[in-house]
Amino acid sequence: MEKSLCMLPAVLFLGLLTHSAAALINTPAPTKSYALINYTTTTRPTLNWTEAVKGESRDGTTPATAEPDIFTTTVRDKQLDTTDTSKERNKKEKDPRDRKTEDDKSKLDCPPLGLESLRVDDSQIQASSYQRSGLGPHRGRLNIQSGIEDGDLYDGAWCAEYKDRHQWLEVDALHLTLFTGVILQGRNSIWSWDWVETYKVQLSNDSVTWHTSMNGTQEALFEGNQNPETPVLGLLPVPIVARFIRINPQTWYSNGTVCLRAEILGCRVHDPSDIYSAHESGSKDALDFRHHNYKEMRKLMKSVTEECPDITRVYTIGRSYMGLKLYVMEISDNPGKHEIGEPEFRYVAGMHGNEALGRELVLNLMQYMCKEYKKGNQRIVRLVTETRIHLLPSMNPDGYEEAYVKGSELSGWAEGRYSFEGIDLNHNFPDLNNIMWDTEEKAADKSKVPNHYIPIPEYYTKEDATVAPETRAVISWMQDIPFVLSANLHGGELVVTYPFDCTRDWAPQEDTPTADNAFFRWLASVYASTNLVMANPDRRICHYEEFQSHNNIINGGAWHTVPGSMNDFSYLHTNCFEVTVELSCDKFPHVSELPIEWENNKESLLVYMEQVHRGIKGVVRDKLTKKGIADAIIKVEDHDHDIRSATDGDYWRLLNPGEYKVIVWAVGYFPSMRRCNVGMEPNPTICDFILTKTPIQRLKEIRAKGGKIPQDLQLRLRALRLRKLRASTKAINRRREGQRMRRARSSQAWKA
């Protein structure tokens, strides 16, 4: 019933506009015609995007009275769509007053056709001319990025060969579509500045006869760009039903040429006579598919804990620069407590605030696991009972809020990427790679150089260090919980990267493997091979880099060097293995894309979590007391990367199938060795160790000779630096809180 009510305004709109459309294009209105461009049918077409549509222009006037010379609908601070496509939410009865408010809205937001998300195929885009293949019509996609070199096959726009007003970029929607607007960008290039300043829009049903969008009695002239990167929205004075649409540039940057990137907004019109019409695929899972700002994210997380109180807990690990809390959802059969032998897993999303898909996937995941656990889904039950899962949906909430205000299509490529202070959080962790490599070069015996638990450098712990509060919070979180496996969810590409991210000698690109390269490649492959888009051999590349030949995985350093990345820090400072997942070509997909993206990533998210149970695990205990020994070193022969036991003496060592010689030792104990066999199944091999204390006299002899135990010294230094980092963080927080209170008092005094 609700769906039928939503369709009614659309049908009324099409009927009311029949007469206006006929006058607009100087053709008689056909009998029972509900489209605006030469379309006749005996059955009323309906829209598949449930938004109220009114037969008026966007400024509230009828087409006959609107007469601006340039139709300026530049929108830079407006969110295109906040439509809730959740099946759960659709089932809820809405307050009649809320429904009336929605019906009274004059905006006619329709979803993007999918130039940016690649739903629109290259074959659907044509142009009047183009300078060369690398600037062909297929490159005229919103936010597409160019390669470093101009002149290759992957430039950052469509550029016409001629500089005149007869050039156009054409998109075939394949089906009848209610076109409502165009979003335009200039050319992405570090060498050239090109953009379109004004343009017209033309529409057709057969790509032969074209009609220009009218603003009253005049052809509508839309305002374009003033720089290459800021997206500008042009809304049609009257939405028009057609199949083809053209962007016809009229003026362009005086020192440039005719170049543009674009997205088209349009609602699919259902045509019963179209035998090729296919229903859009979505998701059968009843999840809250929409973009959640900070307030809505909190509400959703709260609702999940209320629905599944026995297996969920929400906690915070700190605050952003603007004071927004960094919320984490814990999912476990015993939330709030580390259980001996149970590995700790985490997903981190939203490190770059404008890369919004990871945030929504993590929110979807917590809903899905709650619902499936209640249904008795054995796979989910096993994950919940055998793993302690931590989900951080937004590491950079300040950046996200900035991007959210402008919305999915208008935030551009970088709006909200950085923290409020302008810090790229993925370059903000201590660079332990070069500390380790420099020490190895200077050491006479490289085997004596620590290969794990490398302390934070002294400079990083000071109050004036350029360390974001979000980064400080995550580092402290890593110290408190013995994480075993993690993934850092990003967007803008389709690839999974693994450490090291930082290259040696500051090379811009160089394969820089870790001691666990084989297992990292396995982890990356697990996600990439189960992702429905990455696994598609026929998919188009996102921008200019082709990852299919690498099976959609790549060493981080081989892609581009990232000193101070969270992945590298996690590996060198803690026991945790972490990869980066680039989830989608589109950093901030439209809300209509979210159900599809969930289906693309659902299996990948689940199977990746299950990898935390590969390798070996066990407990290191004291022979006499039977108590667990903390900070015991677990060394696997031929793997130049050690790990340490947690507070209770339990440990987890991720390994590929095979037989391994494992040696364990701790300060004050004799080392112990045993062979552990890892099978093919994703179930860990139990390898417990019992350590015997060394004689006290032996320790006295070591001290008498002035000898030092490197591991003990390293551990003390690591703990000392962490205490300093936390102390400086508290001091900074107190200072900022004082500043906020003073600003609040002065604001109140001013109002009084």
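The backbone N, Cα and C atoms fix where each Cβ goes, and this holds for glycine too.
Unlike curated records, TrEMBL annotations are generated automatically.
The signal peptide annotation in TrEMBL covers 1-23.
Taken from TrEMBL, the feature region 'Disordered' covers 52-113 (among others).
What TrEMBL lists as compositional bias 'Basic and acidic residues' is 75-108.
TrEMBL lists 108-267 with the feature domain 'F5/8 type C'.
Summarising the annotation, TrEMBL assigns domain 'Peptidase M14' to 290-612.
Remark: Glu582 (active site, proton donor/acceptor) has His490, Gly491, Gly492, Glu493, Leu494, Val495, Val496, Thr497 as non-local neighbours, by Cβ distance under 8 Å and separation of at least 6 in sequence. Feature annotation from TrEMBL assigns active site, proton donor/acceptor to Glu582.
Residue counts for the region 'Disordered' (731-752) under DSSP, split into helix (H, G, I), strand (E, B) and coil, are 21 helix, 0 strand, 1 coil. Under the heading region 'Disordered', TrEMBL lists 731-752 (among others).
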*What else in the chain is close to the region 'Disordered' (731-752), if you only count residues 6 or more beyond its ends and a Cβ gap under 8 Å?*
319, 321, 323, 463, 469
*Average the per-residue pLDDT over the domain 'F5/8 type C' (108-267) and send me the rounded value.*
94
